[in-house]
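K.L.:
The structure is given below, and queries will be raised subsequently.
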Amino acid sequence: MVKTVIFGHKNPDTDTICSSIAYADLKTKLGHEVAPVRLGEVNLETQFALDKFNIHAPELIERVEDGAEVILVDHNEFQQSVDNIENATIREVIDHHRISNFETKEPLYFRAEPVGCTATILNKMYKENDISVDKNIAGILLSAIISDSLLLKSPTCTEEDVQAAHELAEIAGVDLESYGLDMLKAGADLSDKTVKDLITMDAKEFAMGNAKVEIAQVNAVDTNEIYKLHDKLVEVITSRINDNDLDLFLFVVTDILNNDSEVLAIGNGKDKVNAAFNVTLDSTNRALLKGVVSRKKQIVTVLTEQFK
């Protein structure tokens, strides 16, 4: 690998894939030799967006060469990145998450903004560099914003995200509401997923105090369909906890129509889950989290406080 590679986090979501592609497009137009890559399989929601705007998914990688120059988008925490990230040379980070478990040997360009989506930052960066966004890139940037903001309904969604979404929808030539709902529904089709798929397709590991916590989130139209698999979910999650030396695993199923989530908590620290969300996990270790849709803003932040 000679070029600088651009990638997002493991278990990639739509923002991670689309922002990697879009930032590679911008950097290339600015004269840099870069290539987008990915650290996992493309989910149905993301594939829907890529197909809509005639864009191929980036190459899949598992490692980068030692010393390779890399740019991180949509993440910065090393446990969410490529396995040997400590041996890479990180040149840039473009992100919208908390900054944690991150260090470099050399100075770098680090841009983190409190917006709902990395794509919103990239849309600004096109403007700052006087580079026009073409129709297909506008489409995938829009798709990323729709995904991260649950069609502009998430509490992480800012006015900047809203403005960017409307602007990009016009460039892409799509109706924001109808396209957005179609895309989210495509992602919520979990009929062909195994239980292992469900708990890994959008899972992120977090350091909370001295605890290792993994939080997996899936979007669904009918949460009850997912939890018909309760016993198997518990079995597979317990195995994952043991294999990865985790303290706690949260499996969050978000109802994209009602904007609520149901959580299944397995491992140590279930009392902290109760305290964080002012709920009581039932005998099956589940609870309804009313109005909770954002892992970043409504789950990670409040749960981290309980582990301090």
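Cβ atoms are placed via backbone N, Cα and C, with glycine included.
Quick paste from Swiss-Prot:
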- HIS9, ASP13, ASP74: Mn(2+) 1 binding site (BINDING)
- ASP15, ASP74, HIS96, ASP148: Mn(2+) 2 binding site (BINDING)
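Walk me through where these features lie, including what they touch and how far apart they are.
P.N.:
The 10 Å shell around the Cβ of ASP13 (Mn(2+) 1 binding site) contains 24 further Cβ atoms across the protein chains shown.
Around the Cβ of ASP74 (Mn(2+) 1 binding site), the same chain contributes GLY8, HIS9, ASP13, ASP15, THR16, SER19, SER20, ILE94, ASP95, HIS96, HIS97, THR118, each under 8 angstroms and 6 or more positions distant in sequence.
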K.L.:
Using the recorded Mn(2+) 1 site (HIS9, ASP13, ASP74) as reference, state which further residues of the same chain have their Cβ within 8 Å of the centre of those residues' Cβ atoms, listed in sequence order.
P.N.:
GLY8, ASN11, PRO12, ASP15, THR16, ILE17, SER19, VAL73, HIS75, GLN80, THR118
K.L.:
In sequence order, which residues at least six apart in the same chain have a CB under 8 Å from the CB of ASP148 (Mn(2+) 2 binding site)?
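P.N.:
Correct list: ASP13, THR14, ASP15, GLY116, CYS117, THR118, ALA119, SER154, THR156, ASP161.
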K.L.:
Please work out the number of neighbouring Cβ atoms within 10 Å of the Cβ of HIS96 (Mn(2+) 2 binding site), leaving out its own Cβ.
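P.N.:
Result for HIS96 (Mn(2+) 2 binding site): 25 neighbouring Cβ atoms inside 10 Å.
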K.L.:
Going by a 10 angstroms cut-off between Cβ atoms, which of the binding-site residues HIS9, ASP15 has the sparsest surroundings?
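P.N.:
Among the binding-site residues HIS9, ASP15, the sparsest Cβ neighbourhood within 10 Å belongs to HIS9.
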